[in-house]
Amino acid sequence: MSPSNSSQAPPKGTPGPFDGPQWPYQAPRSTYVGVAVLMGTVVTCASVVNGLVIVVSIRYKKLRSPLNYILVNLALADLLVTLCGSSVSLSNNIHGFFVTKLLLDRSPSSSPPGIVGLWSLAILALERYVVVCRPRGDFRFQRRHAVWGCAFTWGWALLWSTPPLLGWSSYVPEGLRTSCGPNWYTGGSNNNSYILSLFVSCFVLPLSLILFSYTNLLLTLRAAAAQQKEADTTQQAEREVTRMVIVMVMAFLLCWLPYSTFALVVATHKGIVIQPVLASLPSYFSKTATVYNPIIYVFMNKQVRKPLANENGFTGAS
C-alpha cells in the first residue's frame, strides 16, 4: 500500500510515514511523547484487567456460564486490540513513524478484534434482553446460543475488515501518521461507500440493538417493581440496573461516537482540512475502551468481584 494515499497532504518536506520521525512536520515532538504516554498507560492497564478477566474465567468454573461467554469474548478482543494495535501505536509514537511497513501493508491487525469488541457489547445487551424479558416464552439460553453469539462477532468483524484489502477502500496512515485506519480522507465513491457501509454496520446497527435491548429490559424490570412495591430488593435491583444501563450506553457513545462522527464528516465533506492531532484523537480515544470495558462490564459484576478479591487473586479456584 502506498504511503502517498495517506490522509491529508503532509507539509512539504515531510518524510514518508516509514522513513523517519514526523515531528516537527505534523506536530511537535512533545505531542508524540504525550500520545506515547497515553498509549503506554492504556497498554499496561488494558493488559492487566483483560488478562485478569480471562484467567479468572478459566480458573473459576462458576464463571464459565453461557451468559459469561460474551464477556470473555469482549476481554479477549480488547486484549488483542491492546497487543496488536495499542502496543504498535505506542512504539510508533515513541519513534515518531511506522517502525515496520509490514503493519500497514497487511492492514491494521487490531481492526477485526476492535469490531469484535464493539459488537460484543451489542450481543451482551441482546442476551440480557432475551434472558430477562423472555420474548420467546420458555426459551432457555444455552451454551450453543452463547457460542453462536461469539462466533457472529468474529465473522462480522472479518466481513467488514477484509474489504479494504480487496480493493474496496484501503487502509492508510492517519492523523499523526503513527496509526493506521480506513481511508476516510481521499473521497470518491469507492472510499465513501465503504465508510458509510462501515458506519451503518459497525455503529448504527449495534447501537440500535443496545438501545432496543436495554430499553425493553428496563421496562420489564420497572413493571416487575411496580407489581412488588413493598419489595425493597426489587426496587433496589431496578435502580442498580438503571444506573448500569446508563453507564453502559454512555460509555459506548463516549468511545465510538467521536470516531464514527469524524469518519462520516471527513468522508462526506470533500476538501475539509483537519489538523493531524485532531484527526488522531478519535482513534486513540477509542482505544481507551479496552481499559474501561472490563471495569464496567466485568469488575462491576459481583459474581466476578468475589474471585478477584480472594487472597493472591486466585486462591480457592474450583
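Note: Cβ is positioned from N, Cα and C throughout, glycine not excepted.
Marked as domain 'G-protein coupled receptors family 1 profile' by TrEMBL: 49-297.
According to TrEMBL, the feature region 'Disordered' maps to 1-21.
Counting same-chain residues at least six beyond the ends of the transmembrane segment (32-58), those with a Cβ under 8 angstroms from any Cβ of the stretch are 21-23, 64, 68, 71-72, 75-76, 78-79, 81-83, 86-87, 89-90, 93-94, 96, 176, 178, 280, 284, 287-288, 290-291, 294-295, 298-299, 304, 307-308, 313-314. The transmembrane segment feature in TrEMBL is assigned to 32-58 (among others).
With a threshold of 8 Å between CB atoms, the same-chain residues lying at least 6 positions outside the transmembrane segment (70-94) that come near it are 32-33, 35-36, 39-40, 42-43, 46-47, 50-51, 53-54, 57, 103, 108-110, 113-114, 116-117, 120-121, 123-124, 127, 146, 149-150, 153, 176, 178-179, 284, 287, 289-290, 293-294, 297-298, 301. Positions annotated as transmembrane segment by TrEMBL: 70-94 (among others).
Per TrEMBL, transmembrane segment is recorded for 114-133 (among others).
As annotated by TrEMBL, transmembrane segment applies to 145-162 (among others). Note on the transmembrane segment (145-162): residues 66-67, 69-70, 73, 77, 107, 111-116, 119-120, 123, 126-127, 197-198, 201-202 of its chain, located 6 or more positions outside it, place their CB under 8 angstroms from a CB of the stretch.
Sequence-distant neighbours of the transmembrane segment (194-221) (same chain, 6+ residues past either end, Cβ-Cβ under 8 Å): 115, 118-119, 121-122, 125-126, 128-129, 132-133, 156, 160, 163-164, 168-169, 182, 184, 237-238, 241-242, 245, 248-249, 252-253, 256, 260, 263-264, 267. Residues annotated as transmembrane segment in TrEMBL: 194-221 (among others).
Summarising the annotation, TrEMBL assigns transmembrane segment to 241-259 (among others).
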